[in-house]
């Protein structure tokens, strides 16, 4: 076997660039490796938000969107944009999957249950979509419409759900067609790391109306949670009961519509509702519902899909496969789906010649408790892969900046950035020994802003800041005005490979002769 000189793409998740030093964990971190690379190698800033990644103008980027754009080499119009457009055009009200579920529930005298992240965050869901769904169900004649609200506080300020809950309480009153049935923090309902002890609590809340707490209206329930010192993300499962103290349960022939459009945090709880062989926890009840997912969460999840994904051909992974190249995808649990499923344009199956390495993220309640996460183990495996000379291309994601950034803990975020910097030093050294090269970038910002200047609260959400782009390799210049979709064609060009017509991104690096 000929020894390969790998081209590595290192994605520093949640690592944006911000001039302002206030609450900027990346600026305050001691990062000698990255400082040295920026001083001595071609680098610039590229865009990972808004129209540049297929999101509405001004919308912050996120990991799913970022990796789809990175891997596909074109601007991919995201589900948020597609679904909002369908609502504007009136097509949403005629969506076959949604109409079928609502009509079936009405015909069986059942209820329409709508669940999802009630948030204007636009990362996993958008509350405007949830409102459109409630209005559509009522318009079709449903009188028992129940909202199971997952609360955010991660892609939004930590205590910001009150306005949304008040608005939806008023919406139901005006439609006279149901009510908010439960509230629960996303920590429970949207886990993606097999922490079934959390998910079962959300499942029991939705299926049986059993929560740790109860209240007669959602805003009171939220105020009680705040009094218990629970921010939105961590609100304990709370049933909203009627005047008789009765909660809402999920029954056979009801419709269950999941309004999250992003797959990774929707999969686990979806499987608990739909998989006959589900083994994550003991289910007290298993109602047979008309289940609809807003987008396809995974090929093996049973249910109708309101907005099937658009097929992306000739992504970077596919082009490498067709050229007979070998590739490695590697990350921790938290971002493994991003360097595989999302980077491959929503395809689960690995391409020929594509290996995958999953490093378990630490089992801690929140990552500020272990800001280095599993970066050392990840880097051990990555360096080993580089030294093996088996791979033409390596795609690696370091989750720390994002996952610790989401906690709002500034000191922990600084430590997270420092841990990643140390790891990058090891990777760059390993690449140098085998004649490899690397590109360093990020999918979106986060850790560069840890406090919200307007509210004074911790800033736990992503940002719309530009992200770094560094080329560690030959003498070269970098074009300005780049975006994430330019990375894949740039990589192919560095490898001397043809760029397919579907990749509309630009080549950002010009090698100096």
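Backbone N, Cα and C define each Cβ position, glycine as well.
Under DSSP, residue 63 (active site, phosphoserine intermediate) is assigned to a helix (H, G or I) in the three-state scheme. Per Swiss-Prot, the feature active site, phosphoserine intermediate maps to 63.
Using a 10 Å Cβ-Cβ cutoff, residue 443 (Mn(2+) 2 binding site) registers 32 neighbours. According to DSSP, residue 443 (Mn(2+) 2 binding site) sits in a coil region rather than a helix or strand. The feature Mn(2+) 2 binding site is assigned by Swiss-Prot to 13, 63, 443, 444.
Residues annotated as substrate binding site in Swiss-Prot: 124, 154, 155, 186, 192, 262, 263, 264, 265, 335. Residue 155 (substrate binding site) falls within neither a helix nor a strand when secondary structure is assigned with DSSP, and so counts as coil. Of all the Cβ atoms in the protein chains shown, 21 others lie within 10 Å of the Cβ of residue 155 (substrate binding site).
If you take the C-beta of residue 462 (Mn(2+) 1 binding site) and look for same-chain residues 6 or more apart in sequence within under 8 angstroms, you find 14, 60, 61, 62, 123, 155, 402, 444, 445, 446. Under the DSSP three-state reduction, residue 462 (Mn(2+) 1 binding site) is assigned to coil, being neither helix nor strand. Look at Swiss-Prot and you will find 402, 406, 462 tagged as Mn(2+) 1 binding site, backed by sequence analysis.
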### Query
CA-CA, which of the binding-site residues 13, 124, 192, 263 lies nearest residue 406 (Mn(2+) 1 binding site)?
13
### Task
With H, G and I counted as helix, E and B as strand and the rest as coil, say where DSSP puts residue 402 (Mn(2+) 1 binding site).
helix
### Query
By a simple count, how many Cβ atoms lie within 10 Å of the Cβ of residue 192 (substrate binding site), its own Cβ left out?
18
### Query
Once the chains shown are all counted, how many other Cβ atoms turn up within 10 Å of the Cβ of residue 263 (substrate binding site)?
24
### Summary
DSSP output for residue 124 (substrate binding site) maps to coil
### Message
If I take the Cα of residue 263 (substrate binding site) as reference, which of the recorded positions 13, 63, 443 has the closest Cα?
### Response
63
### Task
Spatially speaking, which of the recorded positions 63, 124, 192, 265 is closest to residue 13 (Mn(2+) 2 binding site)? Use C-alpha to C-alpha, please.
63
